[in-house]
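Single-structure report; data block below.
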């Protein structure tokens, strides 16, 4: 029988339910259990695909083309499972499914209501995650207890234990125990009230995971347990991690959360826990042999979640090379005002990620020109590849006003144009070229050197592509097209051989990087940045040596 863990959050938002859920999934996998992850989001959008990064953070794309919440990135990075569209549902999807069933007459003339029809649909998508090939399903409920948007989901998971059996369900509530500096004490009252709201709905938490700045004393732990009706050992401390999010699983293990879950759910098939690879990972993170700085030049750089997977992938590659990565978040629009020289000098590598819309595009072009002309390792992703093509067209081929038709429909040199399949598309949501697509790599390229194989599959999210009418001109001018779709029609990777490391990809490699298995393109990019730093140190030493001495 599949066991279910439901993770809710209270007191405030942004407590880290996704990271905690992913950490639990990883630890249970380390005990030999088969785990599936799911996120239920209470917003009415069908998916986050059309939401602003400032509102929602990055959109995380799955192999099947689903545009999902960024928490699914945590799930895939921490656990071994490949997720699909069943792993992320929104209120919009749930209501859409219910309305479509009503239109087909599946409710036989009944009045369609939140209870039972909407809650039944929610229970259906949760139940579908189980099966003979899975031991534990971890379902995270988005939002905060007390929000009106979350009520149907909370009611559904309350009912779910009646259907599946209370012994097969575990309710875990993530809460905040704030520290008041003036009183020099932790306050448990917000947690008590949050749990009280859950109990009013009919859910008694089995485990409380308490986010805190300071350690929770035994007295406070006993107090929380008493007022929230849980056992003292079920009050789990989760202190803030200033060093790395990859400490979270070890913190939960130190608090014996995995043992508690195994005990409460009767997971007799669970084996002993081996966290050796994770401990080794953190050892490398704490003891770097190199320190390099990478500039991420983006449209949404001031919002830390907008490029979440990019930053994590850089850290993965850094750990692979025993390197500490200092990330400079540079607004591309700032480069337009202040210049690339002022903002980018001193970085050992430059990465230009994806984005939509014209704002800041010229700043990206200037950043790429700086990287190309100064021989700074450069990595372009999605729009980063397209702007690399635009920059090369303007400044190397001499194609004045070369641009993408996304930003200038009347450009005399449309080096980037709309995909043929997108010509008649009107709707924005879910209509891009999405999900995993195959590519073939060209021999004697940096791409094939990184991957070590000719055929790859990577995740995409775009409407525009390189215009093949310009392919020969670019090749003659020194830009190589080293990754192509199987039919050769779509450009997937571009490189410049005369540059130490200049690689740009139309796809999103950041969605397939993991802490214990860094993505090969990120791995080689960071290696190039390390070499750049070594070269600069050598040049500085040589310069000092050549200075004349006083007579």
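Note that Cβ sites are derived from N, Cα and C of the backbone, with glycine treated the same way.
Every protein chain considered, the tally of other Cβ atoms within 10 Å of the Cβ of residue 382 (active site, nucleophile) stands at 23. Residues or ranges marked as active site, nucleophile by Swiss-Prot on the basis of sequence analysis: 382.
Look at Swiss-Prot and you will find 508 (among others) tagged as active site, backed by sequence analysis. Around residue 508 (active site), the C-beta neighbours below 8 angstroms that are at least 6 residues distant in the chain are 61, 309, 354, 381, 382, 458, 459, 460, 461.
Sequence annotations record features per position, and here Swiss-Prot assigns active site to 510 (among others) based on sequence analysis. In three-state terms derived from DSSP, residue 510 (active site) belongs to a helical segment. Neighbour list (residue 510 (active site), Cβ cut-off 8 Å, at least 6 residues apart, same chain): 309, 310, 312, 313, 381, 519, 522.
The annotation CTP binding site is assigned in Swiss-Prot to 13, 147, 148, 149, 187, 188, 189, 190, 191, 192, 223 on the grounds of sequence analysis. Residue density at residue 191 (CTP binding site): 27 other Cβ atoms are found within 10 A of its Cβ, drawing on all protein chains shown.
Per Swiss-Prot, UTP binding site is recorded for 13, 187, 188, 189, 190, 191, 192, 223.
Look at Swiss-Prot and you will find 14, 15, 16, 17, 18, 19, 71 tagged as ATP binding site, backed by sequence analysis. Listed in sequence order, 17, 18, 19, 21, 22, 39, 60, 140 are the same-chain residues six or more apart from residue 71 (ATP binding site) with CB atoms under 8 A from its CB. In the three-state DSSP assignment, the secondary structure recorded for residue 71 (ATP binding site) is helix.
Residues or ranges marked as L-glutamine binding site by Swiss-Prot on the basis of sequence analysis: 54, 355, 383, 384, 385, 386, 406, 463. DSSP assigns residue 383 (L-glutamine binding site) to a helical segment in the three-state reduction. Every protein chain considered, the tally of other Cβ atoms within 10 Å of the Cβ of residue 383 (L-glutamine binding site) stands at 28.
If you look up Swiss-Prot, you'll see 71, 140 marked as Mg(2+) binding site, on the strength of sequence analysis.
According to Swiss-Prot, the domain 'Glutamine amidotransferase type-1' annotation covers 293-535. Per-residue pLDDT, averaged along the domain 'Glutamine amidotransferase type-1' (293-535), amounts to 94 for this model.
Residues or ranges marked as region 'Amidoligase domain' in Swiss-Prot (evidence: sequence analysis): 1-267.
With every protein chain in view, the residue among the binding-site residues 17, 223 whose Cβ has the most Cβ partners within 10 Å turns out to be 17. Note: residue 190 (UTP binding site) has non-local neighbours 10, 11, 175, 176, 177, 178, i.e. same-chain residues 6+ apart with C-beta under 8 A of its own C-beta.
It is 189, among the binding-site residues 189, 463, whose Cβ has the fewest other Cβ atoms within 10 Å in the structure shown. The shortest Cα-Cα distance between residue 54 (L-glutamine binding site) and any of the binding-site residues 13, 148, 192 is the one to 13. For residue 187 (CTP binding site), the Cβ neighbour count at a 10 Å cut-off comes to 14, with all displayed protein chains included. Here the C-alpha separation of residue 406 (L-glutamine binding site) and residue 14 (ATP binding site) works out to 34 Å.
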